[in-house]
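Below you'll find the structure, written out as C-alpha coordinates, and then a few comments.
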(Lines of atoms letter the chains of each structure in order from A and count residues from 1; the text may use other names and numbers.)
(Lines give C-alpha, C1' and ligand atoms only; values in the text may rest on other atoms or scores of the structure.)
Protein backbone atom coordinates (compact mmCIF):
# COMPACT_ATOMS: atom_id res chain seq x y z
CA UNK A 1 0.00 0.00 0.00
CA UNK A 2 1.24 3.51 -0.77
CA UNK A 3 1.96 5.37 2.45
CA UNK A 4 0.57 8.82 3.04
CA UNK A 5 3.28 11.43 2.61
CA UNK A 6 4.38 13.30 5.72
CA UNK A 7 7.14 15.62 6.80
CA UNK A 8 9.07 12.89 8.55
CA UNK A 9 9.14 10.57 5.57
CA UNK A 10 12.90 11.03 5.25
CA UNK A 11 13.38 9.33 8.66
CA UNK A 12 11.39 6.20 7.77
CA UNK A 13 13.14 2.93 6.95
CA UNK A 14 13.76 2.48 3.23
CA UNK A 15 10.79 1.03 1.39
CA UNK A 16 10.85 -2.44 0.02
CA UNK A 17 12.46 -2.92 -3.34
CA UNK A 18 9.27 -4.62 -4.44
CA UNK A 19 7.31 -1.39 -4.11
CA UNK A 20 8.61 0.99 -6.77
CA UNK A 21 5.88 3.51 -6.22
CA UNK A 22 6.87 3.93 -2.58
CA UNK A 23 10.48 4.24 -3.58
CA UNK A 24 9.53 6.87 -6.07
CA UNK A 25 7.75 8.94 -3.44
CA UNK A 26 10.05 8.64 -0.45
CA UNK A 27 13.55 8.19 -1.82
CA UNK A 28 15.73 10.15 -4.16
CA UNK A 29 14.89 8.48 -7.45
CA UNK A 30 17.41 6.35 -9.29
CA UNK A 31 17.63 7.60 -12.86
CA UNK A 32 18.03 5.49 -15.97
CA UNK A 33 21.67 5.26 -17.07
CA UNK A 34 20.91 7.33 -20.17
CA UNK A 35 20.07 10.42 -18.13
CA UNK A 36 23.06 12.74 -17.98
CA UNK A 37 23.43 14.94 -14.93
CA UNK A 38 24.50 18.50 -15.29
CA UNK A 39 27.83 19.18 -13.56
CA UNK A 40 27.69 19.53 -9.77
CA UNK A 41 23.95 19.04 -9.47
CA UNK A 42 24.33 16.47 -6.69
CA UNK A 43 26.12 18.83 -4.31
CA UNK A 44 26.76 22.37 -5.37
CA UNK A 45 28.87 24.97 -3.59
CA UNK A 46 26.91 27.73 -1.96
CA UNK A 47 27.74 31.24 -0.88
CA UNK A 48 24.72 32.24 1.16
CA UNK A 49 21.75 30.83 2.95
CA UNK A 50 19.37 31.56 0.13
CA UNK A 51 20.95 28.98 -2.16
CA UNK A 52 18.57 26.05 -2.67
CA UNK A 53 18.99 22.58 -1.30
CA UNK A 54 19.89 19.90 -3.80
CA UNK A 55 19.07 16.86 -1.73
CA UNK A 56 16.35 15.68 0.64
CA UNK A 57 18.05 16.95 3.80
CA UNK A 58 17.48 20.36 5.36
CA UNK A 59 21.03 21.59 4.86
CA UNK A 60 23.55 21.92 2.06
CA UNK A 61 27.30 21.61 2.05
CA UNK A 62 29.66 24.44 1.19
CA UNK A 63 32.31 22.56 -0.79
CA UNK A 64 34.98 25.15 -0.08
CA UNK A 65 34.47 25.65 3.66
CA UNK A 66 33.16 22.23 4.54
CA UNK A 67 30.29 23.82 6.44
CA UNK A 68 26.61 23.01 6.41
CA UNK A 69 24.29 25.92 5.88
CA UNK A 70 20.57 25.67 6.60
CA UNK A 71 18.50 26.07 3.46
CA UNK A 72 15.38 28.17 3.63
CA UNK A 73 12.35 25.87 3.40
CA UNK A 74 8.61 26.04 3.84
CA UNK A 75 6.25 23.93 5.92
CA UNK A 76 6.67 20.97 3.54
CA UNK A 77 10.41 20.80 4.16
CA UNK A 78 11.19 21.52 0.50
CA UNK A 79 13.70 24.29 -0.20
CA UNK A 80 11.96 27.47 -1.30
CA UNK A 81 14.02 27.70 -4.48
CA UNK A 82 13.38 24.04 -5.30
CA UNK A 83 11.05 24.00 -8.32
CA UNK A 84 8.94 21.29 -6.66
CA UNK A 85 7.81 23.96 -4.22
CA UNK A 86 6.91 26.50 -6.89
CA UNK A 87 3.59 28.15 -7.51
CA UNK A 88 2.77 29.82 -10.80
CA UNK A 89 5.67 31.86 -12.16
CA UNK A 90 6.05 34.31 -15.02
CA UNK A 91 7.72 31.86 -17.41
CA UNK A 92 5.11 29.17 -16.86
CA UNK A 93 2.22 31.63 -17.18
CA UNK A 94 3.51 33.05 -20.47
CA UNK A 95 3.93 29.58 -21.97
CA UNK A 96 0.46 28.57 -20.79
CA UNK A 97 -1.00 31.73 -22.33
CA UNK A 98 0.62 31.04 -25.71
CA UNK A 99 -0.74 27.49 -25.70
CA UNK A 100 -4.15 28.78 -24.62
CA UNK A 101 -4.48 30.98 -27.71
CA UNK A 102 -5.95 27.81 -29.23
CA UNK A 103 -8.57 27.90 -26.47
CA UNK A 104 -9.27 31.55 -27.25
CA UNK A 105 -9.81 30.51 -30.86
CA UNK A 106 -12.11 27.73 -29.66
CA UNK A 107 -14.18 30.30 -27.77
CA UNK A 108 -14.15 32.62 -30.77
CA UNK A 109 -15.46 29.91 -33.09
CA UNK A 110 -18.32 28.83 -30.82
CA UNK A 111 -19.26 32.39 -29.79
CA UNK A 112 -19.08 34.20 -33.12
CA UNK A 113 -22.40 32.77 -34.35
CA UNK A 114 -24.46 34.03 -31.40
CA UNK A 115 -24.99 37.74 -32.07
CA UNK A 116 -25.27 37.66 -35.91
CA UNK A 117 -27.48 34.53 -35.94
CA UNK A 118 -30.71 36.30 -36.92
CA UNK A 119 -28.88 38.38 -39.55
CA UNK A 120 -27.49 35.24 -41.22
CA UNK A 121 -30.34 32.74 -40.93
CA UNK A 122 -33.39 35.04 -41.08
CA UNK A 123 -31.97 37.99 -43.03
CA UNK A 124 -33.20 40.25 -40.21
CA UNK A 125 -31.14 43.22 -41.41
CA UNK A 126 -32.83 43.21 -44.82
CA UNK A 127 -33.71 40.96 -47.78
CA UNK A 128 -31.01 38.80 -49.34
CA UNK A 129 -28.85 40.70 -51.81
CA UNK A 130 -25.66 39.81 -53.65
CA UNK A 131 -22.57 42.02 -53.70
CA UNK A 132 -19.35 41.05 -55.49
CA UNK A 133 -20.52 37.45 -55.67
CA UNK A 134 -21.40 37.12 -51.96
CA UNK A 135 -24.93 37.02 -50.46
CA UNK A 136 -25.82 39.34 -47.59
CA UNK A 137 -27.35 36.42 -45.69
CA UNK A 138 -27.89 32.67 -46.03
CA UNK A 139 -31.54 32.01 -45.13
CA UNK A 140 -32.44 28.67 -43.53
CA UNK A 141 -34.81 27.16 -41.00
CA UNK A 142 -34.00 27.25 -37.30
CA UNK A 143 -33.51 23.47 -37.32
CA UNK A 144 -31.02 23.69 -40.17
CA UNK A 145 -29.28 26.59 -38.42
CA UNK A 146 -28.99 24.43 -35.32
CA UNK A 147 -27.33 21.74 -37.42
CA UNK A 148 -24.87 24.24 -38.94
CA UNK A 149 -24.00 25.58 -35.48
CA UNK A 150 -23.74 22.08 -34.06
CA UNK A 151 -21.35 20.91 -36.78
CA UNK A 152 -18.59 22.74 -34.94
CA UNK A 153 -19.07 20.33 -32.05
CA UNK A 154 -19.21 17.37 -34.43
CA UNK A 155 -15.93 18.50 -35.97
CA UNK A 156 -14.50 18.87 -32.46
CA UNK A 157 -15.54 15.30 -31.74
CA UNK A 158 -13.71 14.11 -34.88
CA UNK A 159 -10.61 16.12 -33.97
CA UNK A 160 -10.52 14.97 -30.38
CA UNK A 161 -10.65 11.30 -31.39
CA UNK A 162 -7.21 11.53 -32.99
CA UNK A 163 -5.68 14.42 -31.06
CA UNK A 164 -4.02 12.28 -28.39
CA UNK A 165 -2.44 9.91 -30.89
CA UNK A 166 -1.10 12.75 -33.05
CA UNK A 167 0.18 14.65 -30.01
CA UNK A 168 2.06 11.54 -28.89
CA UNK A 169 3.62 11.38 -32.36
CA UNK A 170 4.39 15.04 -33.08
CA UNK A 171 4.54 16.50 -29.59
CA UNK A 172 2.12 18.86 -27.84
CA UNK A 173 3.57 22.13 -29.15
CA UNK A 174 3.92 20.95 -32.75
CA UNK A 175 0.38 19.56 -32.74
CA UNK A 176 -0.97 22.94 -31.67
CA UNK A 177 1.03 24.57 -34.46
CA UNK A 178 -0.21 22.26 -37.22
CA UNK A 179 -3.73 22.37 -35.81
CA UNK A 180 -3.93 26.07 -36.66
CA UNK A 181 -4.36 25.03 -40.30
CA UNK A 182 -7.88 23.86 -39.39
CA UNK A 183 -8.72 27.20 -37.78
CA UNK A 184 -7.44 29.11 -40.83
CA UNK A 185 -9.25 26.87 -43.33
CA UNK A 186 -12.50 26.98 -41.32
CA UNK A 187 -12.34 30.77 -41.02
CA UNK A 188 -11.82 31.21 -44.76
CA UNK A 189 -14.63 28.81 -45.66
CA UNK A 190 -17.11 30.55 -43.34
CA UNK A 191 -15.93 34.03 -44.26
CA UNK A 192 -16.47 33.39 -47.97
CA UNK A 193 -19.56 31.16 -47.66
CA UNK A 194 -22.12 31.51 -50.45
CA UNK A 195 -24.27 28.52 -49.50
CA UNK A 196 -25.49 26.56 -46.52
CA UNK A 197 -23.21 23.67 -47.48
CA UNK A 198 -20.06 25.82 -47.53
CA UNK A 199 -20.93 27.45 -44.23
CA UNK A 200 -21.58 24.01 -42.70
CA UNK A 201 -18.27 22.61 -43.99
CA UNK A 202 -16.44 25.65 -42.65
CA UNK A 203 -17.98 25.19 -39.21
CA UNK A 204 -17.04 21.50 -39.25
CA UNK A 205 -13.42 22.17 -40.26
CA UNK A 206 -13.04 24.88 -37.60
CA UNK A 207 -14.56 22.40 -35.16
CA UNK A 208 -11.75 19.93 -35.84
CA UNK A 209 -9.37 22.63 -34.65
CA UNK A 210 -11.51 23.10 -31.54
CA UNK A 211 -11.35 19.37 -30.79
CA UNK A 212 -7.58 19.30 -30.97
CA UNK A 213 -7.37 22.46 -28.85
CA UNK A 214 -9.72 21.08 -26.18
CA UNK A 215 -7.45 18.09 -25.60
CA UNK A 216 -3.93 19.33 -26.35
CA UNK A 217 -4.03 22.67 -24.50
CA UNK A 218 -5.12 20.98 -21.27
CA UNK A 219 -2.49 18.26 -21.80
CA UNK A 220 0.32 20.76 -22.37
CA UNK A 221 -0.64 22.94 -19.41
CA UNK A 222 -1.04 20.01 -17.03
CA UNK A 223 2.36 18.59 -18.06
CA UNK A 224 4.00 22.00 -17.74
CA UNK A 225 2.36 22.86 -14.41
CA UNK A 226 3.90 22.55 -10.98
CA UNK A 227 1.95 20.63 -8.36
CA UNK A 228 0.86 23.89 -6.72
CA UNK A 229 -0.24 25.55 -9.96
CA UNK A 230 -2.13 22.49 -11.22
CA UNK A 231 -5.54 23.72 -10.10
CA UNK A 232 -5.09 27.17 -11.61
CA UNK A 233 -3.79 25.96 -14.96
CA UNK A 234 -6.46 23.27 -15.02
CA UNK A 235 -9.09 26.00 -15.14
CA UNK A 236 -7.00 28.22 -17.39
CA UNK A 237 -8.26 26.51 -20.54
CA UNK A 238 -11.91 27.15 -19.72
CA UNK A 239 -11.05 30.73 -18.79
CA UNK A 240 -9.42 31.32 -22.18
CA UNK A 241 -12.37 29.71 -24.00
CA UNK A 242 -14.67 32.17 -22.27
CA UNK A 243 -12.31 35.07 -23.00
CA UNK A 244 -12.41 34.14 -26.69
CA UNK A 245 -16.17 33.81 -26.57
CA UNK A 246 -16.54 37.20 -24.87
CA UNK A 247 -14.28 39.00 -27.34
CA UNK A 248 -16.09 37.41 -30.28
CA UNK A 249 -19.36 38.79 -28.96
CA UNK A 250 -17.89 42.24 -28.30
CA UNK A 251 -16.57 42.39 -31.85
CA UNK A 252 -19.87 40.96 -33.13
CA UNK A 253 -21.71 44.12 -32.09
CA UNK A 254 -19.89 46.05 -34.81
CA UNK A 255 -19.67 43.19 -37.31
CA UNK A 256 -23.15 41.67 -37.32
CA UNK A 257 -24.57 43.48 -40.33
CA UNK A 258 -24.05 42.17 -43.85
CA UNK A 259 -21.44 41.74 -45.16
CA UNK A 260 -19.36 42.39 -42.01
CA UNK A 261 -20.34 39.10 -40.37
CA UNK A 262 -17.91 37.51 -42.86
CA UNK A 263 -15.05 39.51 -41.33
CA UNK A 264 -16.14 38.29 -37.90
CA UNK A 265 -15.73 34.65 -38.94
CA UNK A 266 -12.44 35.36 -40.73
CA UNK A 267 -10.72 36.90 -37.68
CA UNK A 268 -10.21 33.40 -36.27
CA UNK A 269 -7.51 32.94 -38.90
CA UNK A 270 -5.60 35.94 -37.53
CA UNK A 271 -5.52 34.42 -34.03
CA UNK A 272 -4.25 31.12 -35.47
CA UNK A 273 -1.47 32.80 -37.45
CA UNK A 274 -0.41 34.84 -34.42
CA UNK A 275 -0.19 31.73 -32.25
CA UNK A 276 1.80 29.81 -34.88
CA UNK A 277 4.54 32.42 -34.62
CA UNK A 278 4.51 32.54 -30.81
CA UNK A 279 4.68 28.76 -30.44
CA UNK A 280 8.29 28.86 -31.66
CA UNK A 281 9.12 30.80 -28.47
CA UNK A 282 7.84 28.27 -25.92
CA UNK A 283 9.32 24.86 -25.00
CA UNK A 284 7.83 21.47 -25.72
CA UNK A 285 6.29 19.59 -22.80
CA UNK A 286 9.14 18.29 -20.57
CA UNK A 287 7.17 15.15 -19.82
CA UNK A 288 6.65 14.39 -23.51
CA UNK A 289 10.38 14.85 -24.19
CA UNK A 290 11.29 12.61 -21.26
CA UNK A 291 8.93 9.90 -22.52
CA UNK A 292 10.78 10.05 -25.84
CA UNK A 293 14.09 9.66 -23.92
CA UNK A 294 15.21 13.13 -25.05
CA UNK A 295 16.46 13.92 -21.56
CA UNK A 296 18.69 16.90 -22.33
CA UNK A 297 15.86 18.62 -24.19
CA UNK A 298 13.45 17.73 -21.40
CA UNK A 299 15.71 19.26 -18.76
CA UNK A 300 16.13 22.41 -20.86
CA UNK A 301 12.38 22.71 -21.42
CA UNK A 302 11.66 22.28 -17.70
CA UNK A 303 14.21 24.96 -16.84
CA UNK A 304 12.53 27.41 -19.24
CA UNK A 305 9.18 26.75 -17.57
CA UNK A 306 10.60 27.21 -14.04
CA UNK A 307 12.60 30.38 -14.64
CA UNK A 308 15.48 30.73 -12.15
CA UNK A 309 14.34 27.93 -9.85
CA UNK A 310 16.43 24.82 -9.32
CA UNK A 311 14.91 21.89 -11.25
CA UNK A 312 17.34 19.15 -10.25
CA UNK A 313 15.06 17.10 -8.02
CA UNK A 314 11.89 17.79 -9.99
CA UNK A 315 13.54 16.59 -13.19
CA UNK A 316 14.95 13.47 -11.56
CA UNK A 317 11.59 12.61 -10.03
CA UNK A 318 9.88 13.14 -13.40
CA UNK A 319 12.25 10.74 -15.17
CA UNK A 320 12.14 8.19 -12.37
CA UNK A 321 8.35 8.32 -12.25
CA UNK A 322 8.05 7.66 -15.98
CA UNK A 323 10.68 4.93 -15.82
CA UNK A 324 8.91 3.23 -12.90
CA UNK A 325 5.60 3.49 -14.72
CA UNK A 326 7.02 1.82 -17.81
CA UNK A 327 8.56 -0.98 -15.71
CA UNK A 328 5.45 -1.68 -13.67
CA UNK A 329 2.93 -1.59 -16.49
CA UNK A 330 2.82 -4.36 -19.04
CA UNK A 331 5.32 -4.40 -21.87
CA UNK A 332 2.78 -2.64 -24.07
CA UNK A 333 0.26 -0.09 -22.91
CA UNK A 334 -3.02 -1.60 -21.72
CA UNK A 335 -5.74 -1.65 -24.34
CA UNK A 336 -8.83 0.48 -23.99
CA UNK A 337 -10.89 -2.64 -23.31
CA UNK A 338 -8.54 -3.68 -20.51
CA UNK A 339 -8.84 -0.25 -18.91
CA UNK A 340 -12.63 -0.09 -19.16
CA UNK A 341 -13.11 -3.68 -17.96
CA UNK A 342 -10.77 -3.33 -14.99
CA UNK A 343 -8.27 -5.88 -16.29
CA UNK A 344 -5.25 -3.65 -15.63
CA UNK A 345 -2.82 -4.13 -12.74
CA UNK A 346 -4.78 -1.55 -10.74
CA UNK A 347 -8.53 -1.28 -11.32
CA UNK A 348 -9.13 2.26 -12.62
CA UNK A 349 -12.80 1.92 -13.55
CA UNK A 350 -14.17 4.30 -10.92
CA UNK A 351 -11.73 7.04 -11.87
CA UNK A 352 -12.29 6.54 -15.61
CA UNK A 353 -16.05 6.67 -15.03
CA UNK A 354 -15.67 9.92 -13.10
CA UNK A 355 -13.58 11.56 -15.84
CA UNK A 356 -16.08 10.55 -18.54
CA UNK A 357 -19.06 11.61 -16.45
CA UNK A 358 -17.58 15.03 -15.74
CA UNK A 359 -16.90 15.69 -19.43
CA UNK A 360 -20.45 14.58 -20.24
CA UNK A 361 -22.00 16.71 -17.51
CA UNK A 362 -20.19 19.85 -18.62
CA UNK A 363 -22.13 19.90 -21.89
CA UNK A 364 -25.52 18.58 -20.77
CA UNK A 365 -25.67 21.44 -18.27
CA UNK A 366 -27.18 23.67 -20.98
CA UNK A 367 -24.45 26.31 -20.56
CA UNK A 368 -23.25 26.03 -24.16
CA UNK A 369 -26.84 26.40 -25.33
CA UNK A 370 -26.93 29.73 -23.50
CA UNK A 371 -23.65 30.72 -25.20
CA UNK A 372 -24.93 29.77 -28.65
CA UNK A 373 -28.51 31.04 -28.45
CA UNK A 374 -28.76 33.65 -25.68
CA UNK A 375 -29.41 36.46 -28.18
CA UNK A 376 -32.37 34.64 -29.69
CA UNK A 377 -33.70 33.54 -26.29
CA UNK A 378 -33.51 37.06 -24.85
CA UNK A 379 -35.01 38.61 -27.99
CA UNK A 380 -38.06 36.41 -27.46
CA UNK A 381 -38.07 36.94 -23.71
CA UNK A 382 -38.20 40.72 -24.10
CA UNK A 383 -40.64 40.45 -27.05
CA UNK A 384 -38.40 42.52 -29.32
CA UNK A 385 -40.00 43.64 -32.57
CA UNK A 386 -38.32 43.14 -35.95
CA UNK A 387 -37.25 46.77 -35.93
CA UNK A 388 -35.73 46.44 -32.45
CA UNK A 389 -33.90 43.29 -33.51
CA UNK A 390 -32.50 45.07 -36.56
CA UNK A 391 -31.16 47.86 -34.35
CA UNK A 392 -27.63 46.93 -33.34
CA UNK A 393 -26.85 46.68 -30.50
CA UNK A 394 -30.23 45.50 -29.25
CA UNK A 395 -30.90 44.89 -25.56
CA UNK A 396 -30.61 41.14 -26.19
CA UNK A 397 -27.16 41.57 -27.72
CA UNK A 398 -25.95 43.79 -24.89
CA UNK A 399 -27.17 41.29 -22.32
CA UNK A 400 -25.38 38.53 -24.23
CA UNK A 401 -22.11 40.45 -23.82
CA UNK A 402 -22.64 40.52 -20.08
CA UNK A 403 -23.25 36.77 -19.96
CA UNK A 404 -19.91 36.16 -21.68
CA UNK A 405 -18.06 38.57 -19.40
CA UNK A 406 -19.48 37.16 -16.19
CA UNK A 407 -18.49 33.66 -17.27
CA UNK A 408 -14.83 34.67 -17.50
CA UNK A 409 -14.98 36.36 -14.08
CA UNK A 410 -16.60 33.25 -12.62
CA UNK A 411 -13.78 30.98 -13.78
CA UNK A 412 -11.21 33.25 -12.11
CA UNK A 413 -13.22 33.08 -8.88
CA UNK A 414 -13.44 29.29 -9.09
CA UNK A 415 -9.75 28.89 -9.84
CA UNK A 416 -8.82 31.07 -6.86
CA UNK A 417 -10.76 28.93 -4.37
CA UNK A 418 -10.25 25.49 -5.92
CA UNK A 419 -7.03 24.65 -4.06
CA UNK A 420 -8.45 26.00 -0.81
CA UNK A 421 -11.78 24.19 -0.54
CA UNK A 422 -11.24 21.26 -2.91
CA UNK A 423 -12.57 20.12 -6.27
CA UNK A 424 -15.44 18.10 -4.90
CA UNK A 425 -16.91 20.86 -2.75
CA UNK A 426 -16.70 23.37 -5.59
CA UNK A 427 -18.42 20.94 -7.99
CA UNK A 428 -21.22 20.12 -5.54
CA UNK A 429 -22.04 23.76 -4.77
CA UNK A 430 -21.69 24.84 -8.40
CA UNK A 431 -23.93 22.14 -9.88
CA UNK A 432 -26.65 22.54 -7.25
CA UNK A 433 -26.69 26.32 -7.73
CA UNK A 434 -26.84 25.85 -11.51
CA UNK A 435 -29.85 23.57 -11.16
CA UNK A 436 -31.62 26.12 -8.95
CA UNK A 437 -30.91 28.95 -11.39
CA UNK A 438 -32.27 26.87 -14.28
CA UNK A 439 -35.46 26.35 -12.29
CA UNK A 440 -35.77 30.10 -11.64
CA UNK A 441 -35.29 30.82 -15.36
CA UNK A 442 -38.29 28.55 -16.00
CA UNK A 443 -40.32 30.45 -13.40
CA UNK A 444 -39.38 33.80 -14.97
CA UNK A 445 -40.21 32.53 -18.46
CA UNK A 446 -43.57 31.16 -17.34
CA UNK A 447 -44.47 34.45 -15.61
CA UNK A 448 -43.20 36.37 -18.67
CA UNK A 449 -40.77 38.40 -16.56
CA UNK A 450 -37.95 39.32 -18.93
CA UNK A 451 -35.70 40.95 -16.29
CA UNK A 452 -36.00 37.89 -14.03
CA UNK A 453 -35.02 35.58 -16.89
CA UNK A 454 -32.02 37.78 -17.72
CA UNK A 455 -30.87 37.97 -14.08
CA UNK A 456 -30.97 34.22 -13.60
CA UNK A 457 -29.32 33.53 -16.96
CA UNK A 458 -26.47 35.66 -15.61
CA UNK A 459 -26.54 33.75 -12.32
CA UNK A 460 -26.74 30.44 -14.19
CA UNK A 461 -23.54 31.19 -16.10
CA UNK A 462 -21.81 32.62 -13.02
CA UNK A 463 -22.33 29.59 -10.76
CA UNK A 464 -21.76 27.05 -13.52
CA UNK A 465 -18.50 28.54 -14.79
CA UNK A 466 -17.14 28.95 -11.26
CA UNK A 467 -16.93 25.19 -10.82
CA UNK A 468 -18.78 22.67 -12.96
CA UNK A 469 -17.65 24.46 -16.10
CA UNK A 470 -13.88 24.04 -15.72
CA UNK A 471 -13.32 21.17 -13.26
CA UNK A 472 -13.88 18.53 -15.99
CA UNK A 473 -10.89 19.88 -17.94
CA UNK A 474 -8.44 19.12 -15.13
CA UNK A 475 -10.01 15.84 -13.98
CA UNK A 476 -8.13 13.44 -16.27
CA UNK A 477 -4.66 14.78 -15.43
CA UNK A 478 -5.43 14.69 -11.69
CA UNK A 479 -7.13 11.30 -11.49
CA UNK A 480 -5.44 9.00 -13.99
CA UNK A 481 -1.92 7.54 -14.28
CA UNK A 482 0.11 8.66 -17.26
CA UNK A 483 0.08 5.33 -19.11
CA UNK A 484 -3.72 5.57 -19.62
CA UNK A 485 -4.04 9.34 -19.74
CA UNK A 486 -3.73 9.72 -23.51
CA UNK A 487 -6.36 7.17 -24.49
CA UNK A 488 -8.90 8.14 -21.81
CA UNK A 489 -8.42 11.88 -22.39
CA UNK A 490 -9.16 11.38 -26.08
CA UNK A 491 -12.35 9.47 -25.31
CA UNK A 492 -13.39 11.99 -22.63
CA UNK A 493 -12.91 14.91 -25.01
CA UNK A 494 -14.83 13.11 -27.76
CA UNK A 495 -17.70 12.42 -25.33
CA UNK A 496 -17.65 16.10 -24.40
CA UNK A 497 -17.73 17.25 -28.02
CA UNK A 498 -20.37 14.74 -29.12
CA UNK A 499 -22.63 15.83 -26.25
CA UNK A 500 -22.03 19.46 -27.25
CA UNK A 501 -23.14 18.63 -30.80
CA UNK A 502 -26.34 17.00 -29.56
CA UNK A 503 -27.15 19.86 -27.18
CA UNK A 504 -26.39 22.62 -29.69
CA UNK A 505 -28.46 20.86 -32.36
CA UNK A 506 -31.53 20.17 -30.22
CA UNK A 507 -31.46 23.44 -28.26
CA UNK A 508 -33.44 25.47 -30.85
CA UNK A 509 -35.80 22.49 -31.27
CA UNK A 510 -36.35 22.37 -27.51
CA UNK A 511 -36.89 26.13 -27.54
CA UNK A 512 -39.73 25.81 -30.04
CA UNK A 513 -41.16 22.68 -28.43
CA UNK A 514 -40.93 23.54 -24.72
CA UNK A 515 -41.31 27.32 -24.88
CA UNK A 516 -41.07 28.71 -21.33
CA UNK A 517 -40.09 25.25 -20.05
CA UNK A 518 -36.88 25.21 -22.12
CA UNK A 519 -34.62 24.92 -19.06
CA UNK A 520 -36.55 22.13 -17.32
CA UNK A 521 -34.27 19.39 -18.76
CA UNK A 522 -31.26 21.29 -17.46
CA UNK A 523 -32.74 21.49 -13.96
CA UNK A 524 -32.65 17.70 -14.01
CA UNK A 525 -29.23 17.21 -15.62
CA UNK A 526 -27.48 19.64 -13.29
CA UNK A 527 -29.11 18.03 -10.27
CA UNK A 528 -27.78 14.66 -11.46
CA UNK A 529 -24.30 16.23 -11.53
CA UNK A 530 -24.88 17.46 -7.98
CA UNK A 531 -25.73 13.90 -6.84
CA UNK A 532 -22.63 12.59 -8.58
CA UNK A 533 -20.52 15.15 -6.73
CA UNK A 534 -22.00 14.19 -3.37
CA UNK A 535 -21.72 10.44 -3.74
CA UNK A 536 -19.02 9.59 -6.29
CA UNK A 537 -16.65 12.49 -6.97
CA UNK A 538 -13.01 11.86 -5.93
CA UNK A 539 -11.08 14.60 -4.17
CA UNK A 540 -7.63 15.28 -5.62
CA UNK A 541 -6.76 18.44 -3.72
CA UNK A 542 -3.09 18.37 -2.69
CA UNK A 543 -2.71 14.66 -3.49
CA UNK A 544 -0.26 12.78 -5.64
CA UNK A 545 -1.93 10.82 -8.41
CA UNK A 546 -0.70 7.59 -6.80
CA UNK A 547 -2.62 8.49 -3.62
CA UNK A 548 -5.79 9.24 -5.57
CA UNK A 549 -5.58 5.92 -7.41
CA UNK A 550 -4.95 3.95 -4.23
CA UNK A 551 -7.89 5.63 -2.53
CA UNK A 552 -10.46 5.37 -5.31
CA UNK A 553 -9.54 2.24 -7.24
CA UNK A 554 -12.15 -0.34 -8.11
CA UNK A 555 -15.40 -0.43 -10.11
CA UNK A 556 -17.76 2.60 -10.00
CA UNK A 557 -19.07 2.85 -6.47
CA UNK A 558 -20.43 5.20 -3.81
CA UNK A 559 -17.87 7.02 -1.67
CA UNK A 560 -18.32 8.53 1.77
CA UNK A 561 -19.32 12.18 1.96
CA UNK A 562 -15.80 12.93 3.20
CA UNK A 563 -14.49 11.67 -0.11
CA UNK A 564 -13.09 8.34 1.14
CA UNK A 565 -13.84 4.88 -0.11
CA UNK A 566 -16.15 2.88 2.08
CA UNK A 567 -13.60 0.13 1.77
CA UNK A 568 -9.93 0.77 1.05
CA UNK A 569 -7.90 -1.60 -1.00
CA UNK A 570 -4.13 -1.75 -0.70
CA UNK A 571 -2.01 -1.93 -3.77
CA UNK A 572 1.37 -0.94 -5.09
CA UNK A 573 0.66 1.82 -7.57
CA UNK A 574 2.90 3.66 -9.92
CA UNK A 575 2.02 6.71 -11.95
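Placement of Cβ uses the backbone N, Cα and C atoms for every residue, glycine included.
Predicted automatically and left uncurated, TrEMBL annotations should be read as such.
Checking TrEMBL for transmembrane segment across the ranges 63-84, 261-282, 283-304, 305-326 points to 261-282. The transmembrane segment annotation in TrEMBL falls on one of the ranges 34-52, 91-109, 110-128, namely 91-109.
Across the domain 'Major facilitator superfamily (MFS) profile' (91-541), the prediction's mean pLDDT works out to 87. The highest tally of CB pairs under 8 A with the transmembrane segment (232-255), across 91-109, 144-164, 200-220, is held by 91-109. Remote same-chain partners of the transmembrane segment (176-194), defined as residues 6 or more beyond its termini with a Cβ less than 8 Å from a stretch Cβ, comprise 99, 102, 105, 109, 133-135, 138, 155, 159, 170, 201-209, 212-213, 216-217, 220, 262-263, 265-269, 271-273, 275-276, 279. Between the transmembrane segment (200-220) and the transmembrane segment (488-510), the number of CB pairs under 8 angstroms, six or more residues apart, is three or more, so the stretches are in contact.
Proximity of the transmembrane segment (91-109) to the transmembrane segment (488-510) is not established, fewer than 3 Cβ-Cβ distances being under 8 Å for residue pairs spaced 6 or more apart.
Same-chain neighbours of the transmembrane segment (455-476): 218, 222, 230-231, 233-235, 237-239, 242, 354-355, 358-359, 361-362, 365-367, 370, 374, 377-378, 399, 402-403, 406-411, 413-415, 418, 423, 426-427, 429-431, 433-434, 437-438, 440-441, 444, 485, 488-489, 492, 496, 526, 529, counting only residues six or more beyond its ends whose CB sits under 8 Å from a CB of the stretch. Counting C-beta pairs under 8 angstroms (sequence separation of 6 or more), the transmembrane segment (488-510) reaches the transmembrane segment (144-164) with 3 or more such pairs.
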